[in-house]
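Scroll down for the structure; my scribbles are underneath it.
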Amino acid sequence: MERPIRHGAKTKQCRCLGTTELSMSQIDHQVHSIGPEVTGSRIFKFIAFLYGIAAYLVFFVTILYAIGFVMGLVVPKTIDTGTDTSTAEAVIINLLLMALFAVQHSVMARQRFKTWWTQFVSKPIERSTYVLFASLSLLLLFWQWRPLPTVIWEVEDPDLAVTLVTVSFAGWVLVFTSTFIINHFELFGLHQVTNHLVGKEATPPRFKTPLLYKFVRHPIYLGFIVAFWAAPVMTAGHLLFAAVTTIYIFVGIALEERDLIDLFGDEYRQYKQRVSMLIPWRRSV
């Protein structure tokens, strides 16, 4: 049956089922709840998802370029090519470029910075933003890098030279493999924006040591070190890059492990005592 319902100065007709009666304000509220706010939320989630994909693609192009840059393969500008300058100027510029990357990469990874940063950047895109900024700082380094062409060593034996190139490439393979072992897409932000898009809650981090992580604590960093140092031709510029990045890796490990101890406590302390930092099968000190 239909009954008149008084709403302000107007009389409305509302169909009632049994003894349940909906006021016009309740109807308005229900209509509103599936209206622009929900639609807008979905749009923003989709935009965040596209942003995460874009950041990942920039990273992917950057890491591929990094392989060519270090190994001197395919890419138009490598570690040994570019604008010729004085040695002092080249060293200063290159050190500043590496320092910029190191500061960005380390500061934005710290929990204190993340807590402050996520006041302005949505949590689901925090990791993608970090990945994007790191990629852009590396692209700047590749673009502005100054060569130092003085040869430190050059392997003349063709077989040994090929072996070193193969070892360097194996280092890059180790980097990629290690990221997939621990969840490549979470490490580079795609997992977070995908979960946000479908409305899935983020799961609390769990400490795990799959495959390579049973032998070394930081196989990704080990892969980078191998890739940077296994060079049949080592110029002064390549040596500067390899040496500074290796030093930064050890600094980064110290900062990262401090955060991991804060997060996992004794579980990570025991892992640190049991497993070597970088050298497989060597007991940790």
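Here the Cβ of each residue, glycine as well, is placed from N, Cα and C on the backbone.
For reference, Swiss-Prot has these:
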type	residues	note
TRANSMEM	55-75	transmembrane segment
TRANSMEM	88-108	transmembrane segment
TRANSMEM	132-152	transmembrane segment
TRANSMEM	162-182	transmembrane segment
TRANSMEM	224-244	transmembrane segment
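Within the same chain, residues 67, 70-71, 155, 188, 208, 210-213, 219-220, 222-228, 230-232 sit at least 6 positions outside the transmembrane segment (162-182) and bring their C-beta atoms closer than 8 Å to a C-beta of that stretch.
When Cβ-Cβ distances below 8 Å are used as the criterion, the transmembrane segment (88-108) is approached by residues 114, 117, 130, 133-134, 137-138, 140-141, 144-148, 237, 240-241, 244-245, 248, 251-252, 255 of the same chain, each at least six residues removed from its ends.
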